[in-house]
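Colleague: Feature list, courtesy of Swiss-Prot:
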{"type": "BINDING", "residues": "G14, A15, G16, K17, S18, T19, R120, Q157", "note": "ATP binding site"}
{"type": "BINDING", "residues": "S18", "note": "Mg(2+) binding site"}
{"type": "BINDING", "residues": "D36, R60, G82, R140", "note": "substrate binding site"}
Amino acid sequence: MAEKRNIFLVGPMGAGKSTIGRQLAQQLNMDFIDSDAVIEERTGADISWIFDLEGEDGFRKREERIINELTQMQGIVLSTGGGAVLSKENRNYLSARGIVIYLETTVEKQFQRTQRDKKRPLLQDAENPRQVLEDLAKIRNPLYEEIADITLPTDEQNAKIMVNQIVDLIDNMNGLNGTL
């Protein structure tokens, strides 16, 4: 059996990276890792608190170290934070060490999925969260596209359908009949 390649999920907050990632890992018998959860576990603090204490720059430095470490593992499905692609180093780590899947979503759908979520530091204190999402999309969407091997819109699909599509696309990419 061929060695399993890593699968890295990128995209904005609310695109479904964690939900789809968990199901994809289960279906492929791989380990699922959420980079934000690893950061929280290692620091003993949630992302919002890290943002408050260290600012976004401090958080991004932590994130870069974690992404470098995690992308060197084998046989994982990794869900990255929405801003992980802001770092050129992270983009290099992701694109060089696995298959990058950009889970694309509209700002409208993102807003619907995140408006009640209190764990989104970039939206917490925003007067106009929808505008924040639009501004983030302008900066980040081209970066997601730059490193993506596969781009999939997530607005109208449920997670199970998305997982099956991803498995089919990866199979076709690799020509390995279901083996990553």
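Every residue gets a Cβ built from N, Cα and C, even glycine.
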Colleague: For A15 (ATP binding site), which of these binding-site residues sit within 10 Å, Cα to Cα: D36, R60, G82, R140?
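Modeller: Passing the 10 Å Cα cut: G82.
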Colleague: Relative to the Cβ position of G82 (substrate binding site), how many further Cβ atoms are located within 10 Å?
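Modeller: The answer is 23.
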Colleague: Quick one, of the binding-site residues K17, R140, which Cβ has the fewest other Cβ within 10 Å?
Modeller: R140
Colleague: Would you count the other CB atoms within 10 A of the CB of Q157 (ATP binding site), including those on all shown protein chains?
Modeller: 15
Colleague: Taking the Cα atoms as reference points, how far is T19 (ATP binding site) from D36 (substrate binding site) in Å?
Modeller: 14
Colleague: What is the nearest of the binding-site residues D36, R60, G82, R140 to G14 (ATP binding site), using the Cα of each?
Modeller: G82
Colleague: What span in Å does the substrate site cover, taken as the longest CA to CA distance among D36, R60, G82, R140?
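Modeller: Those residues reach a largest Cα separation of 17 Å.
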Colleague: From the Cα of K17 (ATP binding site) across to the Cα of R140 (substrate binding site), what is the distance in angstrom?
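Modeller: The separation of the Cα atoms works out to 15 Å.
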Colleague: Would you mind reading off the Cα separation of Q157 (ATP binding site) from G82 (substrate binding site), to the nearest angstrom?
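Modeller: A Cα-Cα distance of 20 Å.
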Colleague: With every protein chain in view, what's the tally of Cβ atoms within 10 Å of the Cβ of T19 (ATP binding site), excluding that atom itself?
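Modeller: Looking across every protein chain shown, the total is 16.
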Colleague: Name the secondary structure element type, per DSSP in three states, that contains Q157 (ATP binding site).
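Modeller: Reduced to three states, the DSSP call for Q157 (ATP binding site) is coil.
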Colleague: C-alpha of D36 (substrate binding site) to C-alpha of S18 (ATP binding site): distance in Å?
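Modeller: Cα to Cα, D36 (substrate binding site) and S18 (ATP binding site) are separated by 10 Å.
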